[in-house]
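Student: Sharing the record's features from TrEMBL:
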type	residues	note
BINDING	Gly10, Pro11, Ala12, Ala13, Ala14, Gly15, Lys16, Ser17, Thr18	ATP binding site
DOMAIN	6-219	domain 'Cytidylate kinase'
Amino acid sequence: MKSIQIALDGPAAAGKSTIAKIVAEKLGYIYIDTGAMYRAITLKALNAGIDLASSERTGQLLRNTQIDLQPSEEGQLVFLDGKNVTEDIRSQAVTSAVSLIASHESVRERMVELQQQLASGRGVVMDGRDIGTHVLPNAELKVYMSATVEERARRRYEENTERGFDTPLADLQKEIAARDKMDSEREVSPLRQADDALYLDTTNLTIEQAAADILKLAEERLK
Ligand code: CDP
Ligand code: CDP
């Protein structure tokens, strides 16, 4: 049976990973959360105490690192050098540092290589910032998802509240806006909509509506 590659890009809390998981499950494809990979190397760099601003040091660290993504009942599990770090990579410290680490060319080159290997020859839904532009330039379906920064901060706030964290909404909005700026202004493969990507504004869409929109587009390409 024919299978396709689906690239979902966009800024923080646009709904990429939530929708990607649903679409992958419905189509029986693998789901690859590339943000989790950048978060994992960031966690390692923070624990190692290396200079996060050094492209050379972080690139070298990544060459000696094993990052594995494994599907499970509760969602995707992330392993860093064999240790389950699924929760640890969502910490505030990692979130604050990840865009700096992700701006280094040495880090991005290796990540793109790993991501292309993971996706090779199979049906895949991959979400991130540069999937349609760099990682899977030939993906049959590319969608750039976004929503207003207010709505995205509100979503993260609700998510945090459920997990027992109480970061003020205004702080979350500032953090998201700062990360959007860094991700879209960096020199190496910045966050941007690929020329052949469709734009989906999820501000007023439920998760079910956004997933249905993307599934419909996927099914059209599978015909
Ligand atoms: O889930 P959230 O939107 O908070 O972020 P994420 O998808 O886990 O990505 C964390 C960070 O990794 C982003 O802010 C980017 O700096 C970086 N990233 C990237 O540069 N390229 C990707 N393909 C995926 C993530
Ligand atoms: O992966 P990304 O950072 O783009 O976003 P996400 O982690 O999938 O979504 C952030 C939060 O927004 C999650 O708690 C989703 O349940 C929620 N969400 C929503 O309320 N409405 C949507 N249309 C999409 C996501």
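Every residue gets a Cβ built from N, Cα and C, even glycine.
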Student: As a test of the contact definition, list every same-chain residue at least 6 positions from Ala12 (ATP binding site) whose Cβ is closer than 8 Å to its Cβ.
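Tutor: Counting only residues 6 or more apart in sequence, the Cβ neighbours of Ala12 (ATP binding site) under 8 Å are Arg152, Arg156, Ile176, Arg179, Asp180.
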Student: Once the chains shown are all counted, how many other Cβ atoms turn up within 10 Å of the Cβ of Ala14 (ATP binding site)?
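Tutor: Excluding its own Cβ, the number within 10 Å is 25.
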Student: Name, in the order they occur in the sequence, the residues of the same chain whose CB lies under 8 A from the CB of Thr18 (ATP binding site) and which sit 6 or more residues away.
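Tutor: Non-local contacts for Thr18 (ATP binding site): Ile207.
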Student: Cβ within 8 Å of the ATP site's Cβ centroid: which residues qualify beyond Gly10, Pro11, Ala12, Ala13, Ala14, Gly15, Lys16, Ser17, Thr18?
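Tutor: Going along the sequence, the neighbours appear as Asp127, Met145, Ala147, Arg152, Thr202.
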Student: For the binding-site residues Gly10, Ala12, Lys16, which residues place their CB under 6 A from an atom of ligand 1?
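Tutor: What lies within reach of ligand 1, judged by Cβ under 6 Å, is Ala12.
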